[in-house]
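J.: Submitted below is the structure of interest, expressed as structure tokens.
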Amino acid sequence: MDIKTALSRIVGHLDLSTAEMSDVMREIMTGQCTDAQIGAFMMAMRMKSESIDEIVGAVSVMRELADKVELKTLDGVVDVVGTGGDGANIFNVSTASSFVVAAAGCTVAKHGNRAVSGKSGSADLLEAAGIYLNLTPVQVARCIDNVGIGFMFAQSHHGAMKHAAGPRKDLGLRTLFNMLGPLTNPAGVKHQVVGVFSQALCRPLAEVLQRMGSKHVLVVHSKDGLDEFSLAAPTFVAELKNDQITEYWVEPEDLGMKSQSLHGLAVESPAASLELIRDALGRRKTENGQKAAEMIVLNAGAALYAADHAYSLKEGVALAHDALHTGLAREKLEELGAFTAVFKMENEG
């Protein structure tokens, strides 16, 4: 099916099949569509609302066209990732949590990009920390093997997305493409914590990942609007485990944490986010640093559970607390910077 035929269907509020959506996405991502067609398609899909079949079709093509990272095993390898777009502008919780997860002895294949709507995307933060981003898939795999954590810069692995970049920027609205990043990890991880910008997306995206072969995933959105677990409000979870999806709410107190406001955790730049994270992963000299540490522990604990490194969310949080307080997470951050510096010299001379 071509994009013109698809548009006429979607405008009539008819869903596309998985195969039809795959045809259209392949057409878009191989440069066969005009910007006007892509923009119209994205808006029509948004107005109709994307079906699970359509998201699966889009994800399948993005995964097919990605520059993949080949790992020795995917057992227990986890990604902590969010769609962004929650408007909260708090520090990079998922990225900071990834280093705690690695410090706890779990392997992390982190996928991320620059900020779209917020002040600091994961790539912006890591660049501020001196971590070299423009790695080949083989170099990313070496980071993961040697450091226990590696970062896959989305634009380096999903080059075909460039064809939709102009229309996405011109529209300036959330579209199907905002959902695709967390669902298209180039290493093909089967364990994830996926934060989303709307509770309504939790169950559908869990179903998409179920169909794509994921093993243990938590798709989350907090009642105060975050695309991650919150210290300040209950968090809604759609959990995929043993090929079953269950939905539930989690309070911080359920996991041995104390509820508290997020005041002081918003940042205006990657540098400010990095400063807060370094304090949280280090000696926690400030009140905000201590609060940030607890937010990191909460989300790292969820990742350890999703990776099957812990038997429950509560045990995951306890393991994350211990890992953060050893100081190893901050060491992992510095270690990744040093390791990627070698690749920078190799790649740039």
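Glycine too: its Cβ is placed from the backbone N, Cα and C atoms.
Okay, so Swiss-Prot annotates it like this:
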| type | residues | note |
| --- | --- | --- |
| BINDING | G82, N113 | anthranilate 1 binding site |
| BINDING | G82, 85-86, 92-95, 110-118, S122 | 5-phospho-alpha-D-ribose 1-diphosphate binding site |
| BINDING | S94, E228 | Mg(2+) 1 binding site |
| BINDING | R168 | anthranilate 2 binding site |
| BINDING | D227, E228 | Mg(2+) 2 binding site |
J.: Please identify which of N92, N113 has the densest Cβ environment, defined as other Cβ atoms within 10 Å, among these binding-site residues.
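T.: When each Cβ's neighbours within 10 Å are tallied, N92 leads.
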J.: Based on DSSP, name the secondary structure state of G112 (5-phospho-alpha-D-ribose 1-diphosphate binding site): helix, strand or coil.
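T.: DSSP assigns G112 (5-phospho-alpha-D-ribose 1-diphosphate binding site) to strand.
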J.: Could you round the CA separation between G112 (5-phospho-alpha-D-ribose 1-diphosphate binding site) and G82 (anthranilate 1 binding site) to a whole angstrom and send it over?
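T.: It is 8 Å, counting Cα to Cα.
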J.: Helix, strand or coil: which one is G82 (anthranilate 1 binding site) in, per DSSP?
T.: strand
J.: Of G82, N92, T95, N113, R168, which is closest to E228 (Mg(2+) 1 binding site) if I measure between C-alpha atoms? They're all binding-site residues.
T.: G82
J.: CA-CA, which of the binding-site residues N113, R168, D227 lies nearest S94 (Mg(2+) 1 binding site)?
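T.: Nearest by Cα distance to S94 (Mg(2+) 1 binding site): D227.
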J.: Using the alpha carbons only, what distance in Å do you get between N113 (anthranilate 1 binding site) and T95 (5-phospho-alpha-D-ribose 1-diphosphate binding site) once rounded?
T.: 11
J.: Nearest to R168 (anthranilate 2 binding site) by Cα distance: which of the binding-site residues G82, N92, D227 is it?
T.: G82
